[in-house]
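Let me begin by presenting the structure, written as structure tokens, before commenting on it.
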Amino acid sequence: MGASTTARLGPARVRSERRSCAAERHRLVDLYRYERRLARLGLEPVAGVDEAGRGACAGPLVVAAVILGSDRRNRIAGLADSKQLTPAARESIYNEIISRALAWSVVVIPSSEVDELGVHAANITGMRRAVAGLAVRPAYVLTDGFSIAGLNAPGLAVCKGDEAVACIAAASVVAKVTRDRLMVELHEKFPMYEFATHKGYVTAGHRAALARHGPCPEHRRSFVTVRRAGGRMELRITELADSDDSPGFASGPAEAVPGPAGSAGAASAAARPAAAGPAGRLVDQNRAADLRDNGDVSRPAELLEIP
């Protein structure tokens, strides 16, 4: 900023804007640190994967995979977890991602398939499809929160990865914007539910519309809110838990998760719970198993620990 800018805005305002610009530069440097670290290990390109619509009771589940690259000249200003952005900012950053990413892929899983597979299995299936759909094959895959086997590339889960990793944040934006646009289209078809407002998530207005009109074909019958509105109340084990109940683990075979032919360990890896941890730290419980499941035992997971 030159002397004319200082005179126009005042010294205090100029200092504040300089601090803000410096903070944003540091934030972006930190956001891209996983891609830089993996590039130094010879693991490029890196794909990030995330979904939108997991907790909605209507509409599709949308999964995106994005490869950004580690070149600092190609960093996307303002990139962040989609939940931290305004709708206008998401649209702007979405356009930047689509035009500047090395590769991107989107998978839309309709509500009927979510009901058939279950939300978690549908999410895993969508992530596999999204990575397989990339025009550039990734050397490494980073996922948000839990690991995915059967990706034909080594990968790791990152706690709160959509906040800590650039390519996962980009995937979250692409998935969210894509799904929001689809929900606006569904609003035109089913205006009585106001899908354009709540995007299929449970709100007081959505509950009232369900009570008044019943569910439409885009509602997920596997969700208790929809089953109540439709007059069907099959009780599930998960609905017996009280608010103070803690998670437990069952013995026996893991639930089968659809995946590519020949992808060993898909069910067991999908059943592994993700460990809690601070944002931007790799999930300790899954790290070594991820490398083993994805066929890369030559690179210890500890190489990717980033302070």
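For all residues, glycine too, the Cβ spot is worked out from N, Cα and C.
Keep in mind that what you see is a predicted model, and the values were worked out from it rather than measured.
Residues annotated as divalent metal cation binding site in Swiss-Prot: ASP50, GLU51, ASP144. Classification of ASP144 (divalent metal cation binding site) by DSSP places it within a strand.
Positions annotated as compositional bias 'Low complexity' by Swiss-Prot: 250-280.
The compositional bias 'Basic and acidic residues' annotation in Swiss-Prot covers 287-296.
Per Swiss-Prot, the feature domain 'RNase H type-2' maps to 44-235.
If you look up Swiss-Prot, you'll see 241-307 marked as region 'Disordered'.
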Under 8 Å Cβ-Cβ from GLU51 (divalent metal cation binding site), six or more apart in the same chain: what's there?
-> LEU61, VAL62, VAL63, ALA64, ASN123, GLY126, MET127, ALA175
When you tally the Cβ atoms that lie within 10 Å of each candidate's Cβ, which of the binding-site residues (ASP50, ASP144) has the highest tally?
-> ASP50
Same-chain neighbours of the divalent metal cation site, Cβ within 8 Å of the mean position of the Cβ atoms of ASP50, GLU51, ASP144 and not counting those residues, run in sequence order as VAL49, ALA52, VAL63, ALA64, MET127, THR143, GLY145, GLY161, ASP162, ILE168, ALA171, SER172, ALA175
For the domain 'RNase H type-2' (44-235), what is the mean per-residue pLDDT, to the nearest integer?
-> 94
